[in-house]
Amino acid sequence: MDQAFNVDDIAPIAVLIDELRSEEVQLRLNAIHSIPTIALALGPDRARNELIPFLQDSVDDEDEVLLALAEELGRNFEEYIGGPQYAYVLLGPLENLSAVEETLVRDKAAESIAKIAGVLSPLQVEEYYIPLLKRLSQGEWFTSRTSSAALYAPVYQKVSPALQEQLRKGFAALGADHTPMVRRAAARSLGGFVKTLSKQHVLTDGLPIYRRLHGDDQDSVRLLTVEDLITIAQQLTPQEIKEQLLKQIRVTVSDKSWRVRYMAATHFNELAEAVGVELVREELIGQYVQLLKDNEAEVRTAAAGQIPGFSKLLDREVILARIIPCVRDLSHDTSQHVRAALANQISGLAPLLGREATVENLLPLFLHLLKDEFPEVRLNVISKLQTVNGVIDIELLSGSLLPAILELAEDKSWRVRQAIIEYIPLLATQLGKPFFDEQLGNLCMSWLGDTVFSIREAATINLKKLTEVFGVEWARVAIVPKVMGMGQHPNYLYRMTTVQAIATISPSLTLPIIQSEIIGPLLQLAADPIPNIRFNVSKALEILATTCGSTAEGREFIQQKVVPALEQQKNDVDADVRYFSVRALQKALSVIGMSG
């Protein structure tokens, strides 16, 4: 009995050992993912005394297995070893994982250590975490020093002032490390660390570390300090920013490395908000214009993406005097990516400038960008036009933009055509029915016959939205006859579009229109030679049943027209038609209150 008990006792660990020694990576991965189950089987004491030491020695494996282990140990694993008071036991294996070569494993291990820090008591932090942090920070290999940078912030506020001083010195040492990888890690983690410091220590300790990293000879370190700059600025008053950080802001924007300038451009709005309106107007406008005129297209692209956000902080006159000339230049930029970024943002200036200035300064640029040779530029202008609609009179907009829109409606890029279709209901609302019928009615119908399915689908949704804008009576006269007429077309794609259009538009129509205009042609298509059309008719009939079932007349219509058609379809030779007709029939019968 004793012997049998012992065999059962050691089984979970033995199975884990066997699977971790397997030659198949997938088996080893599965074994790691099962360690919570094994810990449960062992119980807290044995999990602490046997499982964790075994895992601590299991760091010689494939990176993906080690990554899984680092992840599992950070998923509240302390619950399996006796609760938060024993969480420190997990620091052993994670410390080993923090020093491996693969960056992903180290990052995940550091993330798990930071999570464990959250459940440690101040005494445990002092007894177990701080020694671990010192060992990693002073490790012989750069890998462990790199991992240590992210581990200062989680415990800084949990320790005594004396230890806090040691932590500040320890982090400063990482910022001055001889290995660029360690300095990069320090720059990446500095923002988080600064947030935990008191205002006094931001000035006495945080700023010197930042300045050291900001002046680094490696651009890969300097570019990471842009976000640190923003974090530090958020902790300081405008006057302190002026005294302590203005030089660094200037240097960052004119850095010799385009990658640093690119980071500055990408985060420029955050920086502007952090430094305050006064400094923006005194200093940052010039820096921003410099980025908009940068000689690298990537930097201009990033800066163009910040235009409306930054302009919100400026007076209208300043936008017209300083920003608009740059916008004009960017609209003729040699790089399509710069023009695309501008096209995506330019409409955001309209509400800031007001009607007259928009008409005078922005409208010509819209028209110019709508004629750009690259589809993405045209697409970006169209997708943001509604911002302009609220500022410019619709007559003016339709007079100047409509020719461009009509041209783009036949654009060779189907994504541009799709964007135009999605813009049409908004345009229709503002143009009104007569103007729409005259200028855009035929265009909307022509899209139903497009060669690209996504366009035909978007065109049917567009018709539904237009019905909601102009009303059911307009749809009966302007849309329904044309849609139903396509049902007789020799090309099956047109007939398919009719069925899909019926399914989309029906919920917006009235029962009399469905009875008089739609059901007859739809039931003819139920006998179409193409199975795809027949099963789409089943789907459309299901939608009609759902739409019409709320009134007695509707239920009578379903009983007389929809149910018989579906009864016939459920015996179709095609399996798909049978499947969809049976499903639709069940729906129709449930709507009219019959079973079977």
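Glycine too: its Cβ is placed from the backbone N, Cα and C atoms.
Quick caveat, the model's predicted, so the values are computed rather than measured.
Noted in TrEMBL for the protein shown:
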DOMAIN    366-518  domain 'Phosphatase 2A Regulatory Subunit A helical'
REPEAT    90-128  repeat 'HEAT'
REPEAT    206-244  repeat 'HEAT'
REPEAT    245-283  repeat 'HEAT'
REPEAT    284-322  repeat 'HEAT'
REPEAT    323-361  repeat 'HEAT'
REPEAT    362-400  repeat 'HEAT'
REPEAT    401-439  repeat 'HEAT'
REPEAT    562-596  repeat 'HEAT'
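Across the repeat 'HEAT' (90-128), the model assigns an average pLDDT of 84.
Helix, strand and coil counts under DSSP for the repeat 'HEAT' (284-322) come to 29 helix, 0 strand, 10 coil. Secondary structure counts, DSSP: the repeat 'HEAT' (401-439) has 33 helix, 0 strand, 6 coil. Residue counts for the repeat 'HEAT' (206-244) under DSSP, split into helix (H, G, I), strand (E, B) and coil, are 31 helix, 0 strand, 8 coil.
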